[in-house]
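Below is one structure; the comments refer to it alone.
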Amino acid sequence: MWETLKEYKEILFTFQDGIAKISINRPQVHNAFTPLTVKEMIDAMNICRDEEKIGVIILTGEGGKAFCSGGDQSVRGHGGYIGEDTVPRLNVLDLQKQIRSIPKPVVAMVAGWAIGGGHVLHVVCDLSIAAENARFGQTGPNVGSFDGGFGASYLARVVGQKKAREIWFLCDQYNAEEALDMGLVNKVVPLEKLEETTVAWCKKILEKSPLALRMLKSSFNAELDGQAGIQELAGNATLLYYLSEEAKEGKNAFLEKRKPDFSKFPKFP
Ligand code: 2NE
């Protein structure tokens, strides 16, 4: 039974047994996102990061017909997607970075359309589980847009350069089995089994060491994300070091206004 963690206008944010679920709630437009949708998702992701009881995050869309159809073209204006504050934004790029850097696994649960910027959202998730009715593709060059960031480079790492160029240059749509064949999703299940399977995968992940998962996620990112990826991995190394008596000796010595004594700590080969 999913319990509501916080009320929003354009997303649902719920929790069950260590799992948070962030669900775009605009099924009338196949879960296209506005700047507000994205702002709310970023807020929910921040809560997921800070909340100790959350170990895994599911990203999905309401209605069973779409995961997400990308940016809402009806609010696309001069220079970006325009919300109530009249400022043109591409804040989904911030959300993509957040999905990659949050130190907990993020699982895309995809029913129906994962298209355009919605497709990129599932691509940047750590794992993707698809229903048999899932359809994948990019539309940018059809509608006057493109995502040359993770949407191009990370997609190419996932499916290979030739396939990624095909996906963007032809703007074809691919069914769930084709997505599985090209390594774009981890598993395909009947629609009625989608949530059950995703939750089962999340529960398996929750049994694992959270620090090991954290280190692994940042290690996978480090190879691809340049300085930002190395910073993430190094931040985790600092976290581990802070847990050690050796690091605590340095801090304590400073606070006690004495010389630190690091002599008792081992110099590993
Ligand atoms: C997804 C797709 C292929 C589904 O087609 P179909 O025929 O099943 O549904 P339909 O009738 O097109 O859509 C149902 C309703 O949802 C709206 C439609 O306009 C329609 O509304 P009504 O006619 O019933 O009033 N709708 C669907 N997607 C929407 C969208 N993205 N924005 C606003 N309204 C949308 C088909 O719907 C489709 O191709 N959708 C558009 C996909 C798309 O081009 N997305 C934007 C890509 S660019 C992007 O996301 C992006 C980026 O490239 C870079 C940075 C940030 C974002």
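Just so you know, glycine gets a Cβ as well, placed from its N, Cα and C.
All TrEMBL annotations are machine predictions without curation.
According to TrEMBL, the features are:
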BINDING   69-73, TYR81, 113-117, THR139, SER145, TYR242, LYS257  substrate binding site
SITE      TYR81  site 'Important for catalysis'
BINDING   GLN138, THR139, GLY140  hydrogencarbonate binding site
SITE      TYR242  site 'Important for catalysis'
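Of all Cβ atoms in the shown protein chains, 28 besides its own fall within 10 Å of the Cβ of GLN138 (hydrogencarbonate binding site). Look at GLY71 (substrate binding site): DSSP puts it in a strand. Using a 10 Å Cα-Cα cut-off around GLY117 (substrate binding site), the recorded positions TYR81, GLN138, THR139, GLY140, TYR242 reduce to GLN138, THR139, GLY140. Annotation for TYR242 (site 'Important for catalysis'): spatial neighbours LYS248, criterion Cβ-Cβ under 8 Å with sequence separation of six or more. Listed in sequence order, the binding-site residues from GLY71, ILE115, SER145, LYS257 having a Cα within 10 Å of the Cα of THR139 (hydrogencarbonate binding site) are ILE115, SER145. Taking all protein chains in view, 23 other C-beta atoms sit within 10 angstroms of the C-beta of ILE115 (substrate binding site).
Among the recorded positions SER69, TYR81, GLN138, TYR242, LYS257, residues whose Cβ is positioned under 6 Å from ligand 1 are identified as SER69. Cβ atoms within 8 Å of the centroid of the Cβ atoms of GLN138, THR139, GLY140 (the hydrogencarbonate site) belong to the same-chain residues GLY70, ILE115, GLY116, HIS119, GLY137, PRO141, ASN142, VAL143, SER145, PHE146, ASP147, TRP168, CYS171, site residues excluded.
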